[in-house]
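Q: What TrEMBL lists as domain 'Nucleoside diphosphate kinase-like' is 5-144. Residues or ranges marked as ATP binding site by TrEMBL: LYS13, PHE61, ARG89, THR95, ARG106, ASN116. The active site, pros-phosphohistidine intermediate feature in TrEMBL is assigned to HIS119.
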Amino acid sequence: MSHHDERTFVMVKPDGVQRGLIGEIVSRFETRGLKLVGAKFMRIDEELAHEHYGEHEGKPFFEGLVEFITSGPVFAMVWEGADATRQVRTMMGETDPADSAPGTIRGDLGLDLGHNVIHGSDHEDEGANEREIDLFFDDAELVDWDLDAAEWVYEDEDH
Ligand code: IDP
Ligand code: MG
C-alpha cells in the first residue's frame, strides 16, 4: 500500500469544537476514503501554540491566533491516504471561509477568517505534515491497522 500511505495532520479548532462540528468534519474524511490513524481531544498550551504557528510569529494576527487556538479544546487527528495532505487542503477550502467554495469544509461551515473551523498541514510546505504529526503525536499514539474498505477506495489496492 506504499503510495496510499501519506499522512497529514488535521485539527478541529476551538470554534469547530464549540459548534459541535467534530462529527461532521470526521465524517467528511471517513467518507472520502481516508484512514484515521490517530486522534485526540486536547487543550493546546501557549508553548505548543507558538511552536505550531511559529511561521506566523510577528504577523499582526499572531497573538490573537495563539489566544484563539488555546481558548478551548481542539480535536487533533492524523489521516492517511493517497495524496492525503493536498486532498485534505482541497476539502478544507481557502484560509478565509468567505472565499471558500460551497462543498468545502470552510465554505460550508464558516464565515470568518479568524474562526475558520479547521487546520490542515500545508501541502506547499515540504514536510509540514510530518513535522506537525510529530509535534502533536507520539509514535505510540498512531495506530497501525488495515482499512478493509481501501480495496474498494483504490483500484490497485492489494492485500
Ligand atoms: P491556513 O490555516 O489556511 O493554513 P495560514 O495562512 O497558515 O492559513 O494561517 C494560519 C491561521 O491563522 C489561519 O487558519 C487563520 O486562523 C489565521 N489567520 C491567517 N491569516 C489571518 C488574518 O489575516 N487575520 C486573522 N487570522 C488569520
Ligand atoms: Mg497554514
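Keep in mind that glycine also has a Cβ here, set from the backbone N, Cα and C atoms.
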Q: Going by DSSP, is PHE61 (ATP binding site) part of a helix, a strand, or coil?
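A: Once the DSSP labels are grouped into three classes, PHE61 (ATP binding site) ends up as coil.
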Q: Out of LYS13, ARG89, ARG106, which binding-site residues have CB atoms lying under 6 Å from ligand 1?
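A: The ones that qualify number zero, so the answer is none.
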Q: When you measure from the Cβ of PHE61 (ATP binding site), which residues in the chain that are at least 6 apart have a Cβ under 8 Å away?
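A: Set apart from PHE61 (ATP binding site) by at least 6 residues yet with Cβ under 8 Å, we have GLY114.
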Q: Can you give the largest Cα to Cα distance in Å, as a whole number, for the residues LYS13, PHE61, ARG89, THR95, ARG106, ASN116 that bind ATP in the record?
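A: Comparing all Cα pairs, the maximum is 21 Å.
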Q: I'd like the number of other C-beta atoms within 10 A of the C-beta of THR95 (ATP binding site), please.
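A: Cβ-Cβ neighbours of THR95 (ATP binding site) within 10 Å number 11.
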Q: Measuring Cα to Cα, how many angstrom lie between THR95 (ATP binding site) and the residue listed as 'active site, pros-phosphohistidine intermediate'?
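A: Rounded to the nearest whole number, the Cα-Cα distance is 9 Å.
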Q: Measuring Cα to Cα, tell me the gap between HIS119 (active site, pros-phosphohistidine intermediate) and ARG89 (ATP binding site) in whole angstrom.
A: 9
Q: Hey, does DSSP put ARG106 (ATP binding site) in a helix, a strand, or just coil?
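A: Looking at the DSSP assignment, ARG106 (ATP binding site) belongs to a helix.
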Q: For ARG89 (ATP binding site), what is the secondary structure state per DSSP, taken as helix, strand or coil?
A: helix
Q: Which has the fewest other Cβ atoms within 10 Å: LYS13, ARG89, ARG106, the binding-site residues listed?
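A: With the binding-site residues LYS13, ARG89, ARG106, fewest surrounding Cβ atoms within 10 Å: ARG89.
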Q: Per 10 Å Cβ neighbour count, which of the recorded positions ASN116, HIS119 ranks highest?
A: ASN116
Q: Which state, by DSSP, holds HIS119 (active site, pros-phosphohistidine intermediate): helix, strand or coil?
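A: DSSP assigns HIS119 (active site, pros-phosphohistidine intermediate) to strand.
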